[in-house]
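Comments concern the structure below.
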Amino acid sequence: MGCGASVPVDDDEIDPFLQDKRINDAIEQSLQLRQQNSKKGVKLLLLGAGESGKSTVLKQLKLLHKGGFTQQERRQYSHVIWCDVIQSMKVLIIQARKLKIKLDCDQPNNSLIPYKQIILRSDPLKQIDADVAGGTDFLNDFVVKYSEENKNKRRLKSTGTTDIWGKDDDSNINSDAINQALESSLNKDSEQFTRLSIAEAIHKLWKLDSGIKKCFDRSNEFQLEGSADYYFDNVFNFADTNYLSTDLDILKGRIKTTGITETDFLIKSFQFKVLDAGGQRSERKKWIHCFEDITAVLFVLAISEYDQNLFEDERVNRMHESIVLFDSLCNSKWFANTPFILFLNKIDIFENKIKKNPLKNYFPDYDGKPDDTNEAIKFFETNFLKINQTNKPIYVHRTCATDSKSMKFVLSAVTDMIVQQNLKKSGIM
């Protein structure tokens, strides 16, 4: 009899239970790696210039993964919005005169005169609980936004150039300055009116005074709350002292972000820590404290602000400042290997704007069709992608941060991408 060469036999072929054990061990190891990675967590940094909508993105994350807003938050926004709706109408009346727009309520014997007088003599701070609205932070922001003294101070400090790391510091107004400003410019000649009479006055001026609408159409030329028209349309809701802000009210409302806020979310078994840093110049010097161990940067840009100037310096275009800011962050040593997610936000407002204010007036190198929204957005997408001088990926999304339906889709895509990248780093995928 001949003899053949022996062939080694795999133990798995002899013992199927051993094969099952190896498979189970591999699965267990994979699960342990995933668990360790989820414990380590994901750090998402929200950045962008002031009023870009990044805090609205955070609000949408709360709606999706935190069960929405508390009763306290709803009360707070009701107070803040009531103040802003009154002050926004005051701003329109004052700015119309500066822009030499004829107001019906300024004409002799016009039936709208009493409504104008109510608005100009109203003091919203006498009608709310400042502590519920945010205490000192709220009063600080209110004075910064609406005090003529602070507007004049900003004009005097204006350089007309981008100052991305911000040496201006409007946020550090002390309590004496707050009290002085409130007693002088804000409370001057004020009277106590009922909320209903104020709401009626705002409603009449908004609906019937053609000059107010003309002034609103030119609001890119001065500083006005971005949701002022929404406030005016719903003014009777906000006039109700028992009214609790809806989700949409809160998404439309604005409370200035000061410092750096941290919010934790559990998304797909991963711990997400989202850091929202104040975007105005005076806040940016604080950013450096949250640059370490960042998984991804979410940079929010209000594309609709191509024709507006900064609140901090009315000689600087908001879009130009955002471009320089994005450049400094994207190409920073801190984020050399950190993926960037770019939200081109407020596209709904942008679509309406470019039909009235051609993009080429502000960006002469744009050679697309004047009223082609898609072409105009692509212009910005291309220019922002060109800024990247590294090999890291940049993911661009077109967003309307106040639209919960579309943001649910976008944020799901973003969090899925971040989770997948973390799994790849762990060797699980």
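One-based numbering along the chain as shown.
Yeah, the Cβs are placed from backbone N, Cα and C, and that goes for glycine too.
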Of 27-32, 219-224, 357-362, 399-404, the range Swiss-Prot labels region 'G5 motif': 399-404
Contact set, same chain, for the region 'G1 motif' (43-56): CB under 8 Å, 6 or more residues outside the stretch: 226, 251, 254-257, 272-281, 283, 287, 290-291, 293-302, 305, 310-312, 318, 321-322, 325, 329, 343, 345-346, 399, 401-402, 418
Integer Cα-Cα distance in angstrom, T257 (Mg(2+) binding site) to S55 (GTP binding site): 8
Packing count at A401 (GTP binding site) (other Cβ atoms within 10 Å of its Cβ): 26
Greatest C-beta neighbour count within 10 angstroms, which of the binding-site residues S55, T257: S55
